[in-house]
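Notes to accompany the following structure.
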Amino acid sequence: MGTRLLALAPWLLLLLLQLAGASHVVHRSLEAEQAPSSVPASIVSPLLRTGYHFQPPMNWINDPNGPLYYKGWYHLFYQYNPKGAVWGNIVWAHSVSQDLINWIALEPAIKPDIPSDQYGCWSGSATILPDGTPAILYTGIDRPNINYQVQNIAFPKNASDPLLREWVKPAYNPVATPEPGMNATQFRDPTTAWYADGHWRMLVGGLKGARLGLAYLYRSRDFKTWVRAKHPLHSALTGMWECPDFFPLQAPGLQAGLDTSVPSSKYVLKNSLDLTRYDYYTVGIYNKVTERYVPDNPAGDYHRLRYDYGNFYASKTFFDPVKHRRILLGWANESDSVTYDKAKGWAGIHAIPRKVWLDPSGKQLLQWPIEELETLRGKSVSVFDKVVKPGEHFQVTGLGTYQADVEVSLEVSGLEKAEALDPAFGDDAERLCGAKGADVRGGVVFGLWVLASAGLEEKTAVFFRVFKPAGHGAKPVVLMCTDPTKSSLSPDLYKPTFAGFVDTDISSGKISLRSLIDRSVVESFGAGGKTCILSRVYPSMAIGDKAHLYVFNNGEADIKISHLKAWEMKKPLMNGA
């Protein structure tokens, strides 16, 4: 016990400091304001506020910014409105953690207070310099009304402070400004910089003309004076690239990560596409001589590999030097209305941090919740070798499932009963899922109903649908979907189906699924993290202990629950809430 208390001492001290200055962190009561009569009571229920996903106590949150590890602490900065539950008044809020799960909020790190950011401090990244000092590159808005964008830099005021509580902005800001011919309103979100051949390099997202999204490349010898290269690192006719990210990968199948400046034979280039609000990436080669990035798949910019096929945007990765891994963070907005958000008093969460690495095939990334999440696991139940017949469902009982972690290995017999894939859908997984939702019976379709009411009036389906191989010798096509169309009886909710194809061979009949259920968010990982889907849902009946969990089979063949284990999840320290 003594060792445990010593380990907790830094946390307890910081928690006391936060409570002593709580007025700086929690801007008003956690009780929502008087809700208009048009807002359902369930929407403002505290039981719909997430239990273990990252969020501040109140108000608006969006992009994760500048994650880093420094002197024993993980730091996360994020776009935050301290004055309300809608976008605006953006500052860089700041939280710290020793495990990426329990978080304590500090004072905002970066606020509009110099000419080159006086109208906004937008997204950016952190870079650890050779002497160990962190530097933040971020976008500033320096003119009213037109969102004229420039890039700024900030350094810790006191590098000996492990909490990095104060930041200073040199007088030479801004360090990069739009040049003639560049769209100054589409020039933002600098990346973590990398160092090679005597130069630092960073990317800034941009748009040329109406359609050409690009990653501007900048170089600097001293991290102070930045010069734009003659050509971008990469570009494609996709629309504006927000929040670009560029990082090296280990060899296929190796789960360790690499620092951004370590050279590699494979890289990821990711962009957050402003037109669709999804995060896309490619795996490819970085030619250090020509300073160009080339995707392995020539059509990769348009085939649209995504980190997450659901509600997940403006993501950022960083290298964790403690566990030698690359960690992915992303933002999930609400799927209710602005009226509802104002009534709740809060809007937005971050996804659970994920470890990312290159699949053994070398074609895509794999993602998995960081291992620290398992420290929140509590009471559990297990199910073995349970057969679920066609048209039937099986309830998992013995624990609360509104805040849970569920891992299930499933086997399906009778793959010959799978439907043929209509070529009219092409590679449009979302449209296919919309047409072939969870309640469409036949073929091979099975999965979980989560946050379900006792009478199944409300339920969110996370499931697989299998289609026959497209040709001789081909493997069956596996579609993974989250279908929230029956997730709530409340009106005025956005309830889209989300879907992605799973690049796995189900010929053996085996597939796995993990779902993180957290009151108003369902975050799922198919086939060991090949396909991931996050969805926001707002049950009106399936709340708290009235939420249930089922395994369902709406196909024509038996399925077997080889092994299911579900855990209740405890609430971590979460920014004083």
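Backbone N, Cα and C atoms are what each Cβ position is placed from, and that goes for glycine too.
Source: prediction; values computed, not measured.
Per Swiss-Prot, the feature signal peptide maps to 1-22. Residues or ranges marked as active site by Swiss-Prot: D63. What Swiss-Prot records for N158, N183, N333 is N-linked glycosylation site, and it gives sequence analysis as the kind of evidence.
Swiss-Prot feature annotations superimposed on the structure.
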| residue | record | DSSP class |
| --- | --- | --- |
| D63 | active site | strand |
| N158 | N-linked glycosylation site | coil |
| N183 | N-linked glycosylation site | coil |
| N333 | N-linked glycosylation site | coil |
Checklist entry - When the Cα-Cα distance from the residue listed as 'active site' is computed for each of the glycosylation sites N158, N183, N333, which gives the smallest value? => result N333
Next on the checklist: With every protein chain in view, what's the tally of Cβ atoms within 10 Å of the Cβ of N183 (N-linked glycosylation site), excluding that atom itself?
Outcome noted: 13
Checklist entry - Given the glycosylation sites N158, N333, which one is most crowded in terms of C-beta atoms within 10 angstroms? => result N333
Checklist entry - What is the Cβ neighbour count of D63 (active site) at a 10 Å cut-off, with all protein chains included? => result 26
Checklist entry - Rounded to a whole number, how many Å is the Cα of N183 (N-linked glycosylation site) away from the Cα of N158 (N-linked glycosylation site)? => result 36
